[in-house]
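Asks: As annotated by TrEMBL, signal peptide applies to 1-27. Here TrEMBL flags 165-209, 222-250 as region 'Disordered'. Feature annotation from TrEMBL assigns compositional bias 'Polar residues' to 188-209. The annotation compositional bias 'Low complexity' is assigned in TrEMBL to 240-250. Residues annotated as repeat 'ANK' in TrEMBL: 311-343, 344-376, 377-409, 476-508, 542-574, 575-607, 641-673, 674-706, 706-738, 739-771, 805-837, 868-900 (among others).
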Amino acid sequence: MAGSLRPARKRVQATLVMLLCVQHVRVKEIESRCDAPSVYLDERATLTCYFTEDLRQRNIDFRIYRYSITNGRLDPSSEVAVLDCYWETTRTFVCPTIAPGYTFDHTVSDHLTVTMQQATEDFLGTYECIVDWGEKNNYLSPAKNGIHYDIHYLEHARIICRSHGERNRHKRTGGSTEDGVRPHSGQGPETINTPQANNQEGTRTSDTDTQAQAPVLQFEQDASDGKDDVKTPQANIQGVQTSDTDTTVQTPVSQFEQGANDGEDDVNTPLLQNENQKLHFPLHQAIRQNKLDTVKSLTPGVHDINTRDDKGRSPLELACDQGRTDIVRYLISQNAEVNTADSEGWTPLHFASNRGYTQLVELLIARKAELNVRNETGHTPLYLAIDNRHEETVAALLRHGADVNIGRNDGYTPLMLVSERGDVNLVTTLLERGADVTVKDNEGVTALNYASLCGREQVVTILLGHGARVDDRCEIGITPLYDACSKGHTQTARMLIDHGAKVDAAENNGATPLYIASQNGHNDTVETLITLGASVDARINTGATPLIIASSHGHLPVVTTLLQHGASVNVQRDDGMTPLHWACRKGHKAVSELLMKKGADVNMQDKWGVTPLHRASENGHIEVVTCLFKHNAQVDVKNKEERTALYLASEGGHKAVCELLMQKGASINAHDKWGDTPLHVARKRDHTEVVACLLQHKADVDVKDKKHTALHMASKDGLKDVCELLIQEGASINAQDEWGSTPLHYASDANHTDVVTCLLQHEADVNVKNNEEITPLHKASGNGHKAVCELLIQKGASINAQDERGSTPLHYASYANHTEVVTCLLQHEADVNVKNKEELTPLHFASGNAVCELLIQKGASINAQDKRGNTPLHYASSGNHTEVVTCLLQHAAKVNFKNKSGQTPLYKASSQGHKDTVTILKQHGAHL
């Protein structure tokens, strides 16, 4: 495929325009492209600007300027339309005002389009589109140092309107291109993917055409990328000149550059003064404007004839790109170098060949231009001429001895290009000139591969007649026959086989031409291959056959053909899956039914013990499930995880399939190897409708997996609706698991207030204890769930209930430093000095200053001792809780109190290396 060697999108420089003085500073770069055609009377023109940056949520100011000149200046009245747009949704913006004669496309977010309707005399002239997008509601930023900054991100392109009389002098020319395709490897063991498009690099277009030269603005950034890309800050558009003798609209001249010469350009001065813009020297500018006299005046002596612009491009290269024959002759006569190259390796001969300027090609060759020079991507002048279908230029290059076998950097040769394209004449010509028919590109692909892939029968015949090897394999093992079959080119395939191609030649993954044709549903090709001897059950590396892959893709005609020719209906892949497994998995009812009619084993299990019914059920294919039952599928077969079809359907949330399975007698309480039932798994996945369905069919609501009932797990996961259903169907609300915990324990622990409320409304036991004598209030308090604590206390939870260690909810909350829960418990008269079995009070557990203060305010004993004689100050010192230490000392804790081992708080802190705590204690008179 031919394409631009340079990116179609260009960089747009943003400008920062001071309101008090003009200064250009680059603040941002935005990728964009503008397409701007010429338009004549009674025609339409559409100008479209494309942006890679998302324009959503931006304030768009779209302007169209028409250039008219008054005393060499842009007439302020020439502004034809201003469209101020705002975003209505994320993909639509609205422009309330649209000038007559224009339409505005606002349906997508990455481009803006203005269409000018049929042009009249009033429309003649040059128009420029400027898109200005600033942050919404921030068009003017706040003043900084007394100066306002007006930020513009500008994109420029132009519509040129001319009269009928100018049409012949401004007609555009250009070549067309075609997409190409290159084979590549498959992506996995299950299928071998169809070869994809080959997005090859191709040729580029010149910055301006030979005839229809677009006007060039003084802020032009890049004149070599296919179209003039004008980058003019809005504040600097001052005027445009026109010439009575030149059909080209002249360059607008800045007010800072224009002298008193009535608008004549000073060609000896660089046209760009802004340091952020790229320079284009006067000699190059004169070539763009096709001014031979100016070129002569600038050479020799004024400017170096081989001087280069910002792209490393010489005047001769630019002239060849634009087809300036007279200028090229003159530059050559002045000894301009003919074999220099620009920054991308393009020589004058590349430019001329790419554009099809045969006369220039002849001139350059006569001056010893190198015929076979390659640019950075490996393109020769001959390749470019072929790619753009410039037949006369191709003939000229070949006549002078251009090498036909030099390919691009990726090895893609001219012969491959024309073979892929099906250009019989050029294929013949290149072969006559010595093109090597056996050469391979970097992926091992030959011209015969490309021709076969595209079904170019005549080219295939020619290549084979010139010695192309019919069974050549590329790096991934693909042959020309495989390529032809992958695209369903049956006649090409037959032709290759007639010339000796091996019908079962497989690529590296083991896929044969029959396999790839079956995968892609090319039934005619399948028929032909089988007739010509293809093995119908040939396997790829995973053990899959053509019938398996065709069944997987639902290609009923291909499946029918394969079965008619004896394909094994119960063949298994290495993993044990049959064609029926795959058809059921993908939901291909017609294919599944055909396979069963042809004897497919409906209950065959793969290596995981999975049957076709498992596959259809887990994916919710109810029509296939119905079909399987018609052919006597067994409903309760278990796979190696002991899961039934009903389990898998419940897990997937497929209610209709579950209904059908239960109607067919599926065991509703069958459990897997971990004890989970369909009800358990439906609850886990929060498939409420399936849960309801199972309960309606009398699923055991209290059946346990190895540990829990469904209500336990629904409460743990916060599934209120499921809990309601389970309770309505009689689930035991106080059922205890193997640890003695009830659903209320789980909901309280997880802070599911809605589930707690639900359980309490259905009389859940609020003071039930688990095996460690922990109540739901302990769980909520220890985790800081104040709202749950309030609910439980309101329903009568024992505020001073003790667990097996004697700790109360207040112990739990104090230890975890949950200030709000401590406050709640104390407000409900929790015992502040209650001791657990180690005689520890909540104050012993306090690890934060706020909790310590709360407990002391409620009367906590400052110097209470545990069984070992430790006070709260001992514990706070040992734990390096400096805030608690300070709080206790402020409330008269005994700083030198010794425990039963004679240890003081200072000893505890010192032995642990807590320097901050030691300092505080010493400040309060502590000693060892």
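Heads up, residue numbers simply count up from 1 along the chain you see.
Cβ atoms here come from the backbone N, Cα and C positions, even for glycine.
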Asks: How does the model score the repeat 'ANK' (344-376) in terms of mean pLDDT?
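Replies: When the pLDDT values over the repeat 'ANK' (344-376) are averaged, the result is 96.
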Asks: Same chain, outside the repeat 'ANK' (805-837) by at least 6, Cβ under 8 Å from its Cβ: which residues?
Replies: 775, 777-778, 780-786, 789-790, 793, 799, 843, 845-848, 850-851, 854-855, 858-861, 864, 866
Asks: Six or more residues beyond either end and a Cβ under 8 Å away: which residues meet both conditions relative to the repeat 'ANK' (674-706)?
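Replies: For the repeat 'ANK' (674-706), the far contacts come to 644, 646-647, 649-655, 658-659, 662, 668, 713-714, 717, 719, 721-722, 725-726, 728-732, 735, 737.
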Asks: When secondary structure is assigned with DSSP, how many helix, strand and coil residues does the repeat 'ANK' (311-343) contain?
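Replies: Result for the repeat 'ANK' (311-343), in helix, strand, coil order: 17 helix, 0 strand, 16 coil.
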Asks: Of the residues in the repeat 'ANK' (805-837), how many are helix, strand and coil by DSSP?
Replies: 16 helix, 0 strand, 17 coil
Asks: Quickly jot the same-chain residues contacting the repeat 'ANK' (739-771) by Cβ under 8 Å, restricted to those at least six beyond its ends, or write none.
Replies: 707, 709, 711-720, 723-724, 727, 733, 777, 779-780, 783, 785, 787-788, 791-792, 795-798, 801, 803
Asks: For the repeat 'ANK' (641-673), DSSP counts of helix, strand and coil?
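Replies: Split by secondary structure, the repeat 'ANK' (641-673) comes out as 17 helix, 0 strand, 16 coil.
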Asks: What is the number of residues in the repeat 'ANK' (706-738) that are helix, strand and coil, as DSSP sees it?
Replies: 16 helix, 0 strand, 17 coil
Asks: Let's see if you can do this one: DSSP helix, strand and coil counts over the repeat 'ANK' (868-900), in that order.
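Replies: The composition, in the requested order, is 16 helix, 0 strand, 17 coil.
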